[in-house]
Amino acid sequence: MAARNRGPRSGQVKDDANEERNLWNQLRQDAKKVDTLVAKSDEIMMKVEQLDREQEEHKARYGSDNPDIDDQLEKLHRDNVRLCSQIEELTTGESDTQLSITSSLELLAALRESSEADVASRTASSGSKPSRNPKRKSEATSVQDDRESIVADSPGVPSPKVAVSKDVSRLMGKTSSRAGSVPATREASVKAEERDGDGKTSLPRLPIGTEVFYRNKKSSPEGEGMLYIVTSILDPPSNPSSTAPPKPRRYEIKDADAESTNPGPIKAYPRDIIQIPQSNANLPDIAGVAGHGKRVLALYPDTTTFYKAELIGGNPSEGYVKLRFEGEENDVVDKEVERRYVLPDVGK
């Protein structure tokens with residue numbers, strides 16, 4: 001597809017544009033379907049959590065489980081597995097008549113890359129200067145959005161959440177510096193989960209599919225941290241007779257970049273990760289609160305890598321923050337990043 005002829009024939013150019021437009025429209029429709037399914041899955045998970053609490057209360061009072069609650073839980077889990085299967089089919093499955101969201105993203109990226117390569121060759125021949133920062137330049141720049149934004153909550157199967165709107169970029173990266181990854185979503189000025197004095201969680205555990213920020217080790221040469229996805233919840237074994245403090249649960253997380261060469265998944269404690277919000281709703285206006293010059297960590301556009309940046313301004317109504325990334329102080333154009341992917345730079 002990258003070898004597609006972008007010659008001067010107007011008919012060919014029109015066909016290529018129509019192909020991209022049709023793919024994009026289909027992608028948006030599928031993304032809306034996934035959002036609807038994810039919302040239903042979220043409702044089921046809320047009911048499951050409520051029933052789990054009721055079951056625990058019943059067992060503490062009567063010494064046994066309530067069979068009616070067990071039946072309700074079993075039905076809810078079956079329904080959620082069915083929803084997750086539908087989400088998986090839309091995001092990664094294939095059929096004879098329709099591409100999956102992932103395949104559509106890859107095809108759109110290839111079409112865009114071919115078009116940009118043609119433009120770049122014409123620009124180079126006219127004597128234009130190269131990019132100031134080639135290591136962060138994405139190979140697929142325009143039409144890419146969250147695919148793991150294409151991931152949301154689910155009890156047993158990854159449940160993708162798609163927000164296809166201004167950015168279609170997340171798992172499309174192909175460069176070794178991760179610059180071809182994709183944009184992502186949410187802030188948390190505190191750790192994703194804390195425990196009270198009794199070892200119990202003071203915040204709900206993170207559902208499977210949650211996006212999190214995981215800080216790089218000191219030896220990492222690129223960025224401050226990466227965007228990961230929760231793939232499994234590792235609860236410690238229960239031992240009521242033990243007097244020792246209970247061990248905290250851990251999360252199994254994987255790199256949000258589908259083409260990453262990083263070994264994985266890895267296991268992380270709640271203190272090691274920061275939850276990314278699912279949307280920009282109700283998030284404070286970091287530009288208005290922090291003011292000019294605030295240091296933050298932000299997801300670099302079209303990547304899954306977080307870098308240090310300086311807050312320049314924002315557009316709360318659009319949900320974007322204007323930033324100047326470290327190492328790009330001399331760039332003429334500042335970068336815009338979705339608000340939920342901008343985190344306070346609080347250190348480790």
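Yeah, the Cβs are placed from backbone N, Cα and C, and that goes for glycine too.
Owing to the predicted nature of the structure, the values given are computational and were not obtained by experimental measurement.
Taken from TrEMBL, the feature region 'Disordered' covers 1-21 (among others).
Annotation comment: TrEMBL describes 12-21 (among others) as compositional bias 'Basic and acidic residues'.
The annotation compositional bias 'Basic and acidic residues' is assigned in TrEMBL to 51-62 (among others).
According to TrEMBL, the feature region 'Disordered' maps to 51-71 (among others).
The feature region 'Disordered' is assigned by TrEMBL to 112-205 (among others).
Residues or ranges marked as compositional bias 'Polar residues' by TrEMBL: 122-131.
For 136-150 (among others), the entry in TrEMBL reads compositional bias 'Basic and acidic residues'.
The compositional bias 'Basic and acidic residues' annotation in TrEMBL covers 188-199 (among others).
Taken residue by residue, the domain 'SGF29 C-terminal' (202-348) breaks down under DSSP into 11 helix, 57 strand, 79 coil. Taken from TrEMBL, the feature domain 'SGF29 C-terminal' covers 202-348.
According to TrEMBL, the feature region 'Disordered' maps to 232-267 (among others).
Annotation source TrEMBL lists compositional bias 'Pro residues' at 237-246.
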Tally of residues which DSSP labels helix, strand or coil - the region 'Disordered' (51-71): 17 helix, 0 strand, 4 coil
